[in-house]
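What TrEMBL annotates here:
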DOMAIN    4-123  domain 'Response regulatory'
DOMAIN    170-235  domain 'HTH luxR-type'
MOD_RES   Asp58  4-aspartylphosphate
Amino acid sequence: MTIRIGIVDNDPYALTVMKTLIERLDAGFEVIWTTDIGAVAISRCVSTAKRPDVLVTDMAMAGADGPEISRAIRARTSQVGVVGVTSYTVSSFREAAAFSGMQALVAKTDIANLRNAICDAAQGKAYRMPIKACDGVEGGRTSEATQATNGEAVRFMDLQDASNYIEDQQYARQGKLSNKERETLRLYADGLNTKEIAGRMGVSVATVATFERRATMKLNARSRAHAIAICIRRHEF
């Protein structure tokens, strides 16, 4: 299977090196474009004609940086995996990468994990990097797509969960229910349980619980039933 890849890095030399490196990593990798401008990368990722399966983005760039590019893409489409790369310490950018909707963050020199991260991102999955690859920490593999940083776990999200998260952040800033939060409450009102709602919406049970919690908080409701009552009164559904 051919994986179509776009690359963005504002260092022209690094861009050339990264393109050559990625094309040598796997016979199935095809770099369809490169750019040193973040806005161009965003535009191409949301274009049906130029959209890659995976965007590989540098984290620290002048103008739009990696997290900004990832958030902009994730707000518009869930069809492009995003893998962050950096020449600096990975832990310095891990939280920003995860919460901007990326599927992985690896060091530019970490060849094996870069290949695997691209393959997983192309399938819409967060990459489960071995712990020993994370800033020299020894150990086995993580049970989820998490890496330790300052004693806490940062979870990289699959494509759909990442898109849901970014959408929720946008609605939260506006103080309104997101479409997913509204739909979750509507399905509870229709009598479905959490597992049934997860299957209907194509998300995890944990994600449904997140939608419910956020909706309840935004509505200043005391319970799920109270949140549903508020929505009915406001004609939300």
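Backbone N, Cα and C atoms are what each Cβ position is placed from, and that goes for glycine too.
Other Cβ atoms within 10 Å of the Cβ of Asp58 (4-aspartylphosphate), summed over all protein chains shown, number 23.
In terms of DSSP secondary structure, the domain 'HTH luxR-type' (170-235) contains 48 helix, 0 strand, 18 coil.
For the domain 'Response regulatory' (4-123), the model gives a mean pLDDT of 96.
DSSP labels the residues of the domain 'Response regulatory' (4-123) in these numbers: 51 helix, 27 strand, 42 coil.
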